[in-house]
Amino acid sequence: MPEGAYRWFVYAELVLAAVTFVALCFIVAPYGGRHGRTGWGPTVPARVGWVVMEAPASILFLVFYLLGEHRGELVPLLFLLLWQAHYVQRAFIYPLLMRSGSRMPVAVMLLAILFNLLNAWVNARWISEYGSYPVAWLADPRFWIGVVLFVVGYVLNVSSDRILRKLRGDGSSGYRIPHGGGFRLVSSPNYLGEIVEWTGWAIATWSLAGASFALYTIANLAPRAMANHRWYRDSFPDYPADRRALLPYVL
Ligand code: NDP
């Protein structure tokens, strides 16, 4: 870890993960339709909110990456590719495909932008400036274990979001019980996929920067997965009893 301000940004992200986890155990963040509530100030269509809050994670990451001394090296470039594979789809494809008429509080959107700014700085600066990833890192099992987890998580995340979209293929706007894919085992396989992805990123980069994002993702999505699960059980008397919230057979 370098001396100077950078390390404090990483520590800040770790503290934020802990604060987020505790806060979200008491409040369900109102950025989606089913947990939406009044009293959070002005709102924007969810589709707009997703683009505005997630675009910085792609664009600023690229800008911060390009500031780094190692920007032209193979392994950092591969990390850039993984990051952009996720965030280009999250910021520019997912919002266009989503079938949701829900609205997002501007406050939630602004908080997400601030987090994405911090997270992009912490991770991009690590992979292209402060970290060291010579070509020999490609022979390290941590790199490949991490990349495989990232890809598996990505596929689970995207395919689960697709199953949810298909539930509204007839143009309806209500909620149904999702079936198939990861939904056979858990209520929020999209969140599980996201968590597996960033755990893979943490392992492949073997860095505190990556670990802080993985921990933040767990802190953010685990309480939300529990809230989704409770909501399904309360809303559908015939909800599959053996389906868990987030971790197959466990939680
Ligand atoms: P949800 O699973 O709550 O909703 C995803 C979409 O599917 C929404 O459009 C929602 O509609 C719709 N939907 C959900 N359940 C049903 C159902 N039973 N029947 C019909 N439609 C349904 O996901 P989030 O909105 O919380 O998150 C979206 C994506 O963003 C996920 O892939 C998640 O992993 C990712 N994410 C990542 C975070 C991170 O920290 N890295 C943080 C937050 C999200 P509606 O809007 O009307 O409810």
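Any Cβ shown, glycine's included, is placed from N, Cα and C.
Record features, source TrEMBL:
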type     : residues : note
TRANSMEM : 6-28     : transmembrane segment
TRANSMEM : 48-68    : transmembrane segment
TRANSMEM : 74-97    : transmembrane segment
DOMAIN   : 103-251  : domain '3-oxo-5-alpha-steroid 4-dehydrogenase C-terminal'
TRANSMEM : 104-122  : transmembrane segment
TRANSMEM : 142-159  : transmembrane segment
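Counting C-beta pairs under 8 angstroms (sequence separation of 6 or more), the transmembrane segment (6-28) fails to reach the transmembrane segment (74-97), with fewer than 3 such pairs. By the count of Cβ pairs under 8 Å, the stretch nearest in packing to the transmembrane segment (104-122) among 48-68, 74-97, 142-159 is 48-68. Listed as Cβ neighbours of the transmembrane segment (74-97) (distance under 8 Å, sequence separation of 6 or more from its ends, same chain) are residues 46-48, 50-51, 54-55, 57-58, 61-62, 65, 68, 123-124, 127-128, 131, 133-135, 137-138, 143, 147, 150, 154, 158, 161, 165, 197, 201, 204-205. A mean pLDDT of 96 is what the model gives for the domain '3-oxo-5-alpha-steroid 4-dehydrogenase C-terminal' (103-251).
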